[in-house]
Each structure stands twice: as C-alpha cells, then as structure tokens.
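So the structure is just underneath, and the comments pick up after that.
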Amino acid sequence: MNLQQNNEDLLDGGRRLPLVEDFYTIQGEGFHTGKPAYFIRLGGCDVGCRWCDAKMTWNPKLFPPTEVDTIVERACSYPAQAIVITGGEPSLYPLDYLTDALAKKGLQIFLETSGAHELSGHFDWICLSPKKQQPPVPSVFPKADELKVIIETPGDFAWAEENAAKVGERCRLYLQPEWSRYDGMIEAIVEYAKGNPQWNISVQTHKYMRIP
Ligand SMILES: C[S@@+](CC[C@H](N)C(=O)[O-])C[C@H]1O[C@@H](n2cnc3c(N)ncnc32)[C@H](O)[C@@H]1O
Ligand SMILES: Nc1nc2[nH]cc(C(=O)O)c2c(=O)[nH]1
Ligand code: SF4
Ligand SMILES: [Mg+2]
C-alpha cells in the first residue's frame, strides 16, 4: 500500500490529518513575506530534499491523526486572517475538508507545496517550490500563484527557468537561497535577478527574526 492510499484510509477522507505543529507567526518567505499567518504543518514527505529544514516532518507515523475540526477551532482563537498549510508535503493528503472549514471561517488559505502529488482543496494562494528529484505533477503548474525555486548551486538557475516555462503568465517568480549556502550563493542570485528581472529574490526572513 503506498503512502497516499494508507493516508486516505486512516484519515477519514481528510477529517483527520497528521499534525506536526500549528503556530501563529509571520510568513517569512515569498510573496506574502511579512504577513502575520497561522501555520498548519502536516507530517509526511516522500520527496527527501538533502537540505530540507523540516526533516522532522518526514515520517508521518510520528504524527497521529488529529481532528481537523480541532485544528480549525484552534486557528480561529488567534487574530490571524491568513492560514499557511505546509509540511512535510501537504499534497499527500485530501485537503478539501480542511480548506472548506477554514474558508467557512472567512480565512485566507495559502499553500506551500513541492507539487509532487495532485492537489485537492481550495486555496487563495499556492506557492509551488519544485524539486528536481521529484518534479511537480503537470496539473500543479497552472495553479501556482508563486514559483519559489531553491538555489543551492549555480546549476539550479537552469532548473528555475525550466519550471518558469511551465507556470502561468501571472505566476510570480522567486529565487530563494538554500539557507546553508546563503553566503556562497547570494551574490550569484542577486546578479541573476538583476539580469533577469522577471525573477525576484526571497530570503527566509523568519530565520533572521529568530521566530518559527
Ligand atoms: C519545508 S517546505 C514544506 C512544503 C513543501 N514540502 C515544499 O517543499 O514546498 C517549505 C518551504 O521551505 C523551503 N525550504 C526547505 N528547506 C530549505 C532550506 N534549507 N533553504 C531554503 N528553503 C528551504 C521549501 O523549498 C519550501 O518552499
Ligand atoms: N515564518 C515562517 N515562514 C514560512 N514560510 C514557509 C514556511 C514553511 O516551512 O513552509 C515557513 C516557516 O516555517 N516559518
Ligand atoms: S519537499 Fe519540502 S518538506 Fe519535503 S523534503 Fe523537500 S523541502 Fe522538505
Ligand atoms: Mg519553514
């Protein structure tokens, strides 16, 4: 049984989800940088980025299914107007129940995804961060509001362009330095954006602010 099938049986069609953590913070990356947002981080990822800063999320068995109604109720006890669903890889799960419940509360719903699996659910903003070892499924590209490509080596600029050619015309384009390679890569990233101004730069500002 694959990971996705296993999830659908265990999780009652998305009424329960494997929750790693939920917390109120400031969106640190990409288009919505600086916006207060409540984060819902789901466990489980089968993409396996070497430099992933959320490796503790990878094994979904460590995160028992949590009632989505409880998660939504907790989110509503904060003044947040925006919710970021992240992980782990949220596209592993049926997200309609969660996003319907959040939308009923009038909250804006943002998604962080590698696009490795077909998406379910309804989102006000989708940030697609494609990964070479498991590229996005084709159906995700036209849904992306924001393409955020992690730059670890000079070869990643070509990967960024490959993905930019697949997203819609209005999709915002971001280059984001891999955190541990920041010093080595930031100069090249700045020069690349200056020469190719369709690209903007995203840095992980929450790590400078020392907030989650
Ligand atoms: C932890 S991932 C979870 C969502 C989804 N699995 C994904 O990769 O988009 C959230 C965001 O952090 C980025 N990210 C993870 N580790 C990073 C690192 N070391 N440096 C820069 N960005 C990183 C990912 O590319 C993604 O955009
Ligand atoms: N503050 C903050 N902003 C973020 N933007 C995307 C994040 C993620 O892990 O998905 C993240 C995160 O972990 N913290
Ligand atoms: S896809 Fe996202 S959560 Fe999964 S390993 Fe890569 S950065 Fe980490
Ligand atoms: Mg993060």
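Glycine too: its Cβ is placed from the backbone N, Cα and C atoms.
Remember, it's a predicted structure, so these values are computed and weren't measured experimentally.
The substrate binding site annotation in TrEMBL covers Ile26, Gln27, Gly28, Arg41, Thr86, Pro212. Annotation for Pro212 (substrate binding site): spatial neighbours Phe23, Thr25, Phe39, His206, criterion Cβ-Cβ under 8 Å with sequence separation of six or more.
The Cβ of Cys49 ([4Fe-4S] cluster binding site) has 19 neighbouring Cβ atoms from other residues within 10 Å, across all protein chains displayed. The [4Fe-4S] cluster binding site feature in TrEMBL is assigned to Cys45, Cys49, Cys52.
For Cys52 ([4Fe-4S] cluster binding site), applying a Cβ distance below 8 Å and a minimum sequence separation of six or more within one chain yields Cys45, Trp58. What TrEMBL records for Trp51, Cys52, Asp53, Gly88, Ser129, Pro130, Lys131 is S-adenosyl-L-methionine binding site.
Per TrEMBL, domain 'Radical SAM core' is recorded for 32-212.
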Notebook entry, point to check: Any idea which of the binding-site residues Gly28, Pro130 has the thinnest Cβ neighbourhood at 10 Å?
Noted result: Gly28
Next item on the list: Could you check which of the binding-site residues (Gln27, Gly28, Gly88, Ser129, Lys131) sits closest to Cys49 ([4Fe-4S] cluster binding site), going Cα to Cα?
Entry: Lys131
Notebook entry, point to check: On the 0 to 100 scale, where does the mean pLDDT of the domain 'Radical SAM core' (32-212) fall?
Noted result: 98
Notebook entry, point to check: Can you count the other CB atoms that lie within 10 A of the CB of Thr86 (substrate binding site)?
Noted result: 18
Check: Neighbourhood of the [4Fe-4S] cluster site (Cys45, Cys49, Cys52): other residues with Cβ within 8 Å of the Cβ centroid, in order?
Finding: Val47, Gly48, Ala54, Lys55, Thr57, Trp58, Glu89, Ser114, Lys131
